[in-house]
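Take a look at the structure set out below.
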Amino acid sequence: MDTSSGSDSYDRTRGHRPRGREAQRRPGRDRGTAGGRGGADRAPDISVKIDTLANTLQDTSRNLTKVDRMLGQYRDHTDDQAEAMALLRENLEESISQLQTQRLSRSNGARSGSASASTLHTSDLEAGSGSEGPRFLPTSPLKNYTGAAARTRRSQSAGVRFQDASLKGKDIHSLHQSLRDLRCDQLRLSDDLDKEIFRRNRSDIDTRRAMESLTGHMTTSQRQDSVSSRVERRLQELEREMHGEERERRPEPRGAMSDELLEPLARRPVQSHERDEAVTARLLKAEKSKMELDLDRARRLLEQSEDSRESLVQQVEDMRGELLRMRQEKTELQRVRLETSHPAVRPHVNHTDREEGRDRADLEKEVAELQVQLCKASVLGEVVELKRALESKEKERVQLSSQVEELSTDLARREQQQLRMLEQLREMQSRGQAERRETEAILQESTRSRDELKTKALEAVRQWRAKCKRMQKQLEEAKAQAQFHTDKASQAAREKESSLAQLKALSQTLAFMYKSQTFVNQVAWFQIEVREALVEETQRQAAVQTKLREENQRLEERASTQARRCQRDRETQDELQAALKLMTAARGQLAQRLAEEESSRKELQKGSAELQAKLTATQQERAALGQQLQLEREVHQKEVDNMKAMMEDNKMKKDREVKDKLKLCSREHDEMAHLKADAAADKELCGVLRIKLDRMKDECDKLAAQLSTKDEAHALLNRKHQLLKHELDDKVRSAERRRASEVDEKLLRMEVEQETILTAMGEELDTACRSLARNGEDKLQAISQKPGLGKDPHHWLAETKTKLRWLREEVRERVTREQRLRKQHQQTRDQLKALRQSRDSENADLMQRLDRQEKLLHSLSTEKKELLERSRRNEDEMRSLQTP
């Protein structure tokens, strides 16, 4: 292409000359081949760019798939959060129902003129406040009021009743812990979403820049600029982009983000530093990938420039070889002309000269024919190469157009996805704010219910301890009666005047001791039951403490895992910063190399200018030979004109296609404008809904203020409760220690007294038997008590029975006294039965209270479910209003 245009301009200026055509044809052919090589080098450059674009598109598709996976995980997590929030709402509704019952009780108390409206009073905690006989009794269900009037005065709806205080405390603790976990997860998810949005914005900016660079490369390929000019332009573009990015990063690192995304970020100033670090890390990654792509492009352009430089060097060498050949041919022709022009000196050489002249003429004709054939072959080869280059360029342009269409569709789809993601983020932010408020309210209610449960549990423990004290008092009374009876028995033994009286007193004391031992066993059994009940309560408290420890261990493990994740993120950030430093160093080295290449390119341009000057001189010398190639050049010119016409037709077709694409783009922009108008309408609807939400927020704030006042009152009660709890714990510990020491001492005394009494009774029985023995010493030895039996009461009783059989006739006179003692024993049994019946009645009352509490809890659970259904309906309505 370049050789034909150069030859036409030269023919117009200098005209036709009869010689030197063949010499001018060869450099033209070489130039055509060089132009074909340049087109072949440009084709792989475009293919490489297309490959890089395809790779970037694949990377973006992978990133989008990763984002979709993350969204799926986030949906699963939100479902789990929804379940947890449902549980929290149930607990909140329970606490609300409790507050409603408290308010009803307050209103009932105000109507009846009661002195206290709360469910727990300081008078309930005091031991002697209920016995003073006030006119209006408190309504606490935990106070054990003595007297029939106090029992009849209590109302059923005085306070909230629970099934099991220990289980409720455990549920409250787990609920509080789950609320903390949910809040931490919510904050973490909000941070991840902000980071993901920023990363997507950066990826969109990078794709747009890649598209702009692609369009620039397309325009440069259509204009068919030289390799050196393209390299210079690309380097200038890189420098401009780097300066622009530095300017953007200096004033504000988050300038690329939209205002809608900056609003939720401004609401969280505490986490701004961490988000800035994440944003900088993402920016560094994007810059790193972009710099790698730019460096690859620069390397390819440098390789292309080196190839073009090598082709120029080859062309120069070919031109030099042709010049040398032309000079040799000129010298040979001049020598032949000189030989033919001079006359023959010797007559015998004329014949040989004529033969040589004929041979030279034949050789010249053959050379001319061969030159004509070579010209035709070279022209045909150039035409074929041009056709191939045109076909390859057309294919590449078709591929590029298809890829541009695909990229445009992908960009439109991504914009739609980003809009959807923004809407979802707004919804999630609104939900998160509502959930935070709900969780705060639930936390407040849970603390209140926990305090109430603690107070009720302490009241129950106080009642049980009071019952234990009563039983101990009864035990002491029974022991006093037993001591009184033993005193009577000792007095009766002193009154004995004879052995028969002593035997009767001993039999009486034996019967009484047997009965008193049974009574003591019963009392010990009752004391063991009380201890078992106390042990069970301690075991329950230990189980609750173990569960709390396990929950604390779980929380510590979660905190350790989160710390490890943060450490890993920091390590990856450090690695990326080190890689970025290496990339900046490599970029500086590449810039130095590019400067060196530019200097070498300028030197080559100077050398090429000198060579062009030499070529013009050679062309002037070869102009004489250009007229022989005129006919062949005209044929070549016709073919070139045809090729130009074909190229123009192709350009017209491509221009039409570009216009059609522009029309499609304009239509798409119009559709986007309509969508934006719809989005504006949706925003107006969102504004109306936000106003409604603000009103609801104001109502919630009012309720929160009321709850804060109640919290302060509960805090005062909690302080009093803590003080009383410490005092009670100290008193209970000291009392338990005293009781344990007293019981041990009493048991030791009883054992010692039992042994002494048994030994004394055995000796008296032996003396009585000896005094009453009538059949000799053998029977006395058989009946006499063996040593060491005083420690074993069962064997001792067996021997005493055998001895008492001997004394049965003498004991009949003491039957009347035994009947009196039996009557007294029956009275003590009746008293114990009355005590047991009172205890059973109290247990029945407690069971009735528990049944009532279960009924109340069932009714509260039904109301809670109804409230949950209403809240869910309201949320569904809000979501339907928020979705466009």
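For all residues, glycine too, the Cβ spot is worked out from N, Cα and C.
Looking up the ranges 281-336, 337-392 in TrEMBL, the one annotated as coiled coil turns out to be 281-336. Cross-referencing 163-215, 534-586, 693-745 with TrEMBL places the feature coiled coil at 693-745. It is 594-628, from the ranges 594-628, 769-803, 804-838, 839-873, that TrEMBL records as coiled coil.
Residues of the same chain lying 6 or more positions beyond the ends of the compositional bias 'Basic and acidic residues' (428-440) and with a Cβ under 8 Å from any Cβ of it are 78, 81, 85, 88-89, 92, 179, 182-183, 186, 190, 193, 264, 693, 697, 700, 882.
Here the compositional bias 'Basic and acidic residues' (428-440) is broken down by DSSP into helix, strand and coil counts: 13 helix, 0 strand, 0 coil. Across the residues of the coiled coil (594-628), the predicted structure has a mean pLDDT of 72.
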